[in-house]
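Among the features that Swiss-Prot reports, [2Fe-2S] cluster binding site is placed at Cys73, Cys79, Cys82, Cys114. Per Swiss-Prot, domain '2Fe-2S ferredoxin-type' is recorded for 36-130, and the stated evidence type is sequence analysis. Under the heading domain 'FAD-binding FR-type', Swiss-Prot lists 133-273. Positions annotated as transmembrane segment by Swiss-Prot, on the basis of sequence analysis: 5-25.
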Amino acid sequence: MSDSVILALGIAAFTVIVLVLVAIILFAKSKLVDSGDITIDINDDPEKAITLPAGGKLLGALASKGIFVSSACGGGGSCGQCIVKVKNGGGEILPTELSHINKREAKEGYRLACQVNVKGNMEVELPEEIFGVKKWECTVISNDNKATFIKELKLAIPEGEEVPFRAGGYIQIEAEPHVVNYKDFDIPEEYHEDWDKYDLWRYVSKVDEHIIRAYSMASYPEEKGIIMLNVRIATPPPRQPDAPPGQMSSYIWSLKAGDKVTISGPFGEFFAKETDAEMVFIGGGAGMAPMRSHIFDQLKRLHSKRKMSFWYGARSKREIFYQEDFDQLQAENDNFVWHVALSDALPEDNWTGYTGFIHNVLYENYLKNHEAPEDCEYYMCGPPVMNAAVIKMLKDLGVEDENILLDDFGG
């Protein structure tokens, strides 16, 4: 057999092998890679069914059709908010979901929408209130410091639009890839001391992807045409100075009047109960936001006659905000009082009010001698340490879980 024949046979054999491998790959791709359109049936309602190309996650698939499921972490699987019921399709539950979904819930079909792959036709069940969630492009009215590490972001809703939220609710705010230099922040001179002390100006936040985070609203329903947030800058902890700063808080702090911001909502479950029970509000830091929303709503819109008090913890006098507003509400409403406790008062504060941590102040100066603390409703929002301390104190007083309402976003 000549060399040319051997060469030709070799080339032919190689070509056949390549073609076989290509055929195998294409077959595998047809089985493993999502392709074609699929249908997601929602709430057994043909009018709610959506059709779209296979691929991606359920959270994104729903959002692409204008159905916005709450996800404070932006689909990272860490917040556990995007729980939906998958009745058919979606595959097996993933290990990443089990920290948010117990065995009973998993058996009933509950899943994290951000973790469910959309590969074929599905049947899901969503809360009806989700269909009232919309998306808006808002305009920044102002973005001012209210404390050393807290800004009040005020957004204008598009003219003619309305965000039909309830007091205690929240919205999600979005940001595209960006770079934020802390040295460019507009911070009044009175707050520079701590920024200089910890050299916070050196930080840079670089974000390479679209992000979404949730923030409780400080505004209340009667404040028409605006959304107001209290946003604490998430700087790296002192023990980890080289850790990256908070992505969304850095972005929000960089916003200036006239900038455009995309939000979606309303969401929420931190709502006031419709009872006559006494209301005790406990807040700290940016946890002020839902406290303001609730208290303003109760006293200004509902004209509630329920007995209520507000206990707010701050480091020093400089960290107190909305003081004039709450002083006025206290003067105008016999059923409302509010108190501030400073945990680290400065000499120049000349502070004569309560000092210490707010859970201790609340207990020693009110609940210890309250005739029935277990009958009150407690609404709280603040740093995790504060929340844990308050909950323990309330449990020790015999308060049942149903009367302890916690907003995890504000701190």
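The backbone N, Cα and C atoms fix where each Cβ goes, and this holds for glycine too.
Here the binding-site residues are Cys79, Cys114, and the one ringed by the most other CB atoms within 10 angstroms is Cys114. Report note: the [2Fe-2S] cluster site is defined by Cys73, Cys79, Cys82, Cys114, and the residues of the same chain whose CB lies within 8 Å of the CB centroid of those residues, excluding them, are Leu59, Ser70, Ser71, Ala72, Gly74, Gly75, Gly76, Gly77, Ser78, Gly80, Gln81, Leu112, Ala113.
Taken together, the residues of the domain 'FAD-binding FR-type' (133-273) have an average pLDDT of 96.
Mapped onto DSSP helix, strand and coil, the domain 'FAD-binding FR-type' (133-273) counts 23 helix, 57 strand, 61 coil. Secondary structure of the domain '2Fe-2S ferredoxin-type' (36-130), assigned with DSSP and counted as helix (H, G, I), strand (E, B) and coil, comes to 21 helix, 25 strand, 49 coil.
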